[in-house]
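Among the features that TrEMBL reports, active site, proton acceptor is placed at 39, 266. The substrate binding site annotation in TrEMBL covers 137, 314. The feature domain 'Alanine racemase C-terminal' is assigned by TrEMBL to 245-372. Taken from TrEMBL, the feature N6-(pyridoxal phosphate)lysine covers 39.
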Ligand SMILES: *Cc1c(COP(=O)(O)O)cnc(C)c1O
């Protein structure tokens, strides 16, 4: 292990080429433009590093959740179109315009707010209309979106860069909800044709839609988690050759023998039935490593999986290596490969009783990120 003294012996290693490779694989599969979703710190992989690499590798556009994320991308030199997918507050519109960010307009009221701000700034806004086809989150219900679409088409201060909706159940290939949402979305888009207006770019598919529902690909897709090589759900199928881009690696900081019956960690919830060897790893829930993995998760040491012993602490946790050997400073893999064995984000999520998304975005800035690309 060769680390400068001031750096933590724990690392998130991000393979940027794999993210770019996943983008290519998705594009080849769908045959339409891809909006690369980089919200929530690029799903924990690092917003700016990921976006810069994808821009250099020929990505066509980005999607984020909040205006702050869009501004951070502009300040980092990202010049591609960026859609902010979250709901807006009227006072934010001038920021969207100043940074050339595309706006999600999700109601007639918000359309009026955007128009007013655009007129005041003397600058046309680029907007995507948000239609609600069953998520019941933001957006105008598909069954009553006629007046909304007409007002947007008539707007002098809004350019219609797109119209979109969001799928609620596409991570499950067996859910009938997706077909229903697609039908509602196409019916809503039909309104542009009925009033003789040009059809904006229609987009609907998240990763689940990209993987399982070709009919939802339409004019553009919006994959997030699939870009990072992770499947959305245990029910999802790997219909595209995607490669996971993130590993989480640390090193053993302590080794001891724990006598039979002596409990390990907070709450004394776990004790070995016979004398055993226990390794301490300097990572904890303060880094976003889930406490729910207490006595449930596994890590890799010397090419073998070993169980977490007792509760995960804020900055450390213990591992029961039984009769195996380990040395201080040995590599410990929390996510990724070691020799022939591996631990995926999907497995970790299942053990923690959550979804892969929450594992990835939970990994916070306390752990340094190392970027790899050729
Ligand atoms: C987060 C998000 C996506 C990407 O979702 P994934 O399941 O990660 O592919 C797409 N569209 C919208 C509106 C989102 O909020």
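From the backbone N, Cα and C atoms, a Cβ is placed for every residue, glycine too.
Model, not experiment: these values are computed from the prediction.
Mapped onto this structure are the features recorded in TrEMBL.
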residue : record                       : contacts (Cβ under 8 Å, 6+ apart)
39      : active site, proton acceptor : 63, 64, 65, 66, 69, 85, 224
137     : substrate binding site       : 166
266     : active site, proton acceptor : 310, 311, 313
314     : substrate binding site       : 284, 285, 286
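Taken through DSSP, the domain 'Alanine racemase C-terminal' (245-372) splits into 24 helix, 50 strand, 54 coil.
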